[in-house]
Amino acid sequence: MGRWALDVAFLWKAVLTLGLVLLYYCFSIGITFYNKWLTKSFHFPLFMTMLHLAVIFLFSALSRALVQCSSHRARVVLSWADYLRRVAPTALATALDVGLSNWSFLYVTVSLYTMTKSSAVLFILIFSLIFKLEELRAALVLVVLLIAGGLFMFTYKSTQFNVEGFALVLGASFIGGIRWTLTQMLLQKAELGLQNPIDTMFHLQPLMFLGLFPLFAVFEGLHLSTSEKIFRFQDTGLLLRVLGSLFLGGILAFGLGFSEFLLVSRTSSLTLSIAGIFKEVCTLLLAAHLLGDQISLLNWLGFALCLSGISLHVALKALHSRGDGGPKALKGLGSSPDLELLLRSSQREEGDNEEEEYFVAQGQQ
């Protein structure tokens, strides 16, 4: 009887993990193709991103309210001094990362976007070394060389290569390295109380919106104000369809973050990292099949080389965590509370610093 119960529990956990991974795939791959599809007819990616931020803030606030009502515990609200001094740098880097990524969809294919964004792990490692979150090891140098070499091979003599778009997405990957490093440092400040990702999202979105607004005003403000799709609309039906499409993108963006957090809280950040590797493969295969992206043998070899570097990085993180009994923490880091999300019963399985390791792993997403 005990063995049967154990088998059932194992099977249930496997089915649950598979379901959460598939949910994450639906949102992650879905928003990539959705944004690419939307920017073909709506050429205002920065405005699109800002609307997504507003939707994410709305749903984050709603999630906090639901958790507060169910737990009868007040959610953390930072003072203005802490908010502007400690959260603002992370919010600005995050806004530029997301904004430039969506902007690049005007010029690059999904396959080139996916491959180049995978290189964010490279920049995360570099900035982690600069901020002394990682120690320089020969294995890390190998990871950097594999990812950089793979990126070079994927873009070398690519028939659908666009310099402007590649510069945008590579810039986003570079800023993404700063973003996730700052996010890790932000979460390690236990006194701020932002270990719960829903609270982090709630506090980041307003500053992200404000940080992206000047870029929007310079590059899209005038054109959008004269566009018949938004402000000078003549067809109410067209306006509602455009706003509905943008709002749906915001729901997908929040769903992506929520599914990531749910997967981590029910399994581990290692599961998310491994799932992210296979997600990149699925994205490229779908891009070649559905959108007709042209990927040569050399490009595939470069992609495989890059994925091997990412896989090595994930394996090193897993071994390092097991060897030290958990991810490396900065001095003064206290125990992190459980991820509550909307499911208060969700318990962590990877130790008190799971959110910290999770955000570092997100560079490949």
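Cβ coordinates are placed from backbone N, Cα and C, and glycine is handled just like the others.
Some features that Swiss-Prot has for this protein:
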| type | residues | note |
| --- | --- | --- |
| TRANSMEM | 14-34 | transmembrane segment |
| TRANSMEM | 42-62 | transmembrane segment |
| CARBOHYD | Asn102 | N-linked glycosylation site |
| TRANSMEM | 104-124 | transmembrane segment |
| TRANSMEM | 136-156 | transmembrane segment |
| TRANSMEM | 158-178 | transmembrane segment |
| TRANSMEM | 202-222 | transmembrane segment |
| TRANSMEM | 242-262 | transmembrane segment |
| TRANSMEM | 294-316 | transmembrane segment |
| MOD_RES | Ser335 | phosphoserine |
| MOD_RES | Ser336 | phosphoserine |
| REGION | 344-365 | region 'Disordered' |
Cβ neighbour count (within 10 Å, all chains shown) around the residue listed as 'N-linked glycosylation site': 27
Distant-in-sequence neighbours of the transmembrane segment (104-124), which means Cβ under 8 A and at least six residues beyond its ends: 32-33, 35-36, 39, 43, 45, 143-144, 147-148, 150-151, 154-155, 158, 160-162, 164-166, 168-170, 172-174, 176-178, 180-181, 280, 283-284, 286-288, 291, 293, 295, 299, 302-303, 306-307, 309-310, 313, 360, 363-365
Sequence-remote partners of the transmembrane segment (14-34) [C-beta within less than 8 Å, at least six residues beyond its ends]: 110, 113-114, 248-249, 252-253, 255-256, 258-260, 262-263, 266-267, 271-272, 275, 279, 282-283, 286-287, 290-291, 365
Whether the transmembrane segment (242-262) meets the transmembrane segment (158-178): three or more C-beta pairs under 8 angstroms: no
When counting Cβ pairs under 8 Å to the transmembrane segment (202-222), the leader among 42-62, 136-156, 158-178, 294-316: 42-62
Same-chain residues at least 6 beyond the ends of the transmembrane segment (294-316) whose Cβ lies under 8 Å from its Cβ atoms: 111, 115, 118-119, 121-122, 125, 139-140, 142-147, 149-160, 270, 273-274, 277, 280-281, 284, 288, 361, 364
